[in-house]
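Engineer: Just passing along the structure, written as structure tokens.
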Amino acid sequence: MIIECPAKINLSLDVVGKREDGYHLLQMIMQTIALYDRVKITKNNEMVITCNKIDVPCDRSNIAYRAVEVMKEKFNIEDNFKIEIEKNIPVAAGLAGGSTNAAAVIKGLNDMYSLNLSIDQMKEIGLKLGADVPFFFEGGTCLAEGIGEKLTKLNDVSCHLVVAKPPINVSTKYVYQNLKLDEIAVHPDTKRIIQYINSNDIRSLAESMVNVLETVTVREYPVIFEIKNIMMEFGALGSLMSGSGPSVFGIFEDKADALKCHNRLRDYIKEVFVVSTINRGV
Ligand code: ATP
């Protein structure tokens, strides 16, 4: 069984507080995009996990492996599996590549064993593995609140995008640890952004996008700001860092502009893509 699993971007990201356990409370607009990993699941004598990218761990620390373990335990599945990950989504990029793989495993095993799990049940299992996992059972455009698990479906945004992952490593932990809530100068107006989305006003949406985590990353990594500027020069309606970065995306009205921007960025960034938004998850 092969499951296609898309990446996500954040059309906005706000931190609105902190839970007692230290988790940040978020208000994000999440969007799936047509940039896919593929996860192949086959029964096997022993548990094996493989991936075409060397920076992805092929042991228990792979989130897809942990997803298998959770499913095996919960549904008394005694079989073992070979999980082959074809990774096209940049790793540690703010595009939730790991989370989408975990969602694919849950969905794949649900189908393989005819478990008939509802979307809500799969979301609940996914949340045990990571806060971004439940979103992939909805996909399209969603408001995510709480630590990312409270999802509200919005009108699906339809647009062209350039997504670029600069060759730097940004740790999600570092970004959240260095975020000072009282120093955030600009928060997104999430309510207004939702109105733009639901009225299909892509231009106003693009112009209103804010990711408060940029306050940490842009200071540390000027390349993020440079990419945003290049995207704007090439006609993007708006440009933003996704998640905790370092990936940056630009929204384009015109695909030809997106392709020109892609060609310019490709001169010095290997991982750059022209994609569109999609209206589904795994
Ligand atoms: P998020 O936006 O949810 O923080 P991300 O896109 O920043 O996710 P991932 O690509 O999910 O980050 O990877 C984060 C780390 O998790 C990587 O450094 C990698 O070592 C590890 N990892 C474990 N399993 C996977 C997987 N299946 N795919 C990618 N990375 C994985």
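Each Cβ is built from the backbone N, Cα and C atoms, and glycine gets one as well.
So TrEMBL says this about it:
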type     : residues                                               : note
ACT_SITE : K8                                                     : active site
ACT_SITE : D132                                                   : active site
BINDING  : P90, V91, A92, A93, G94, L95, A96, G97, G98, S99, T100 : ATP binding site
DOMAIN   : 62-140                                                 : domain 'GHMP kinase N-terminal'
DOMAIN   : 194-268                                                : domain 'GHMP kinase C-terminal'
Engineer: Going by DSSP, is G98 (ATP binding site) part of a helix, a strand, or coil?
Structural biologist: helix
Engineer: Please check each of the recorded positions G94, T100, D132 and report the ones with a CB atom less than 6 Å from an atom of ligand 1, ordered along the sequence.
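Structural biologist: Those recorded positions that pass the cut-off, since their Cβ is under 6 Å from ligand 1, are G94, D132.
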Engineer: Quick one: Cα separation, G98 (ATP binding site) versus K8 (active site), in Å?
Structural biologist: 11
Engineer: Let me know how many other Cβ atoms fall within 10 Å of the Cβ of P90 (ATP binding site).
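Structural biologist: The answer is 24 other Cβ atoms.
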Engineer: Going by DSSP, is A92 (ATP binding site) sitting in a helix, a strand, or coil?
Structural biologist: coil
Engineer: Neighbour count first, Cβ atoms within 10 Å, every protein chain included; then name which of A92, A96 tops the list of binding-site residues.
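Structural biologist: Counting Cβ neighbours within 10 Å, the top one is A96.
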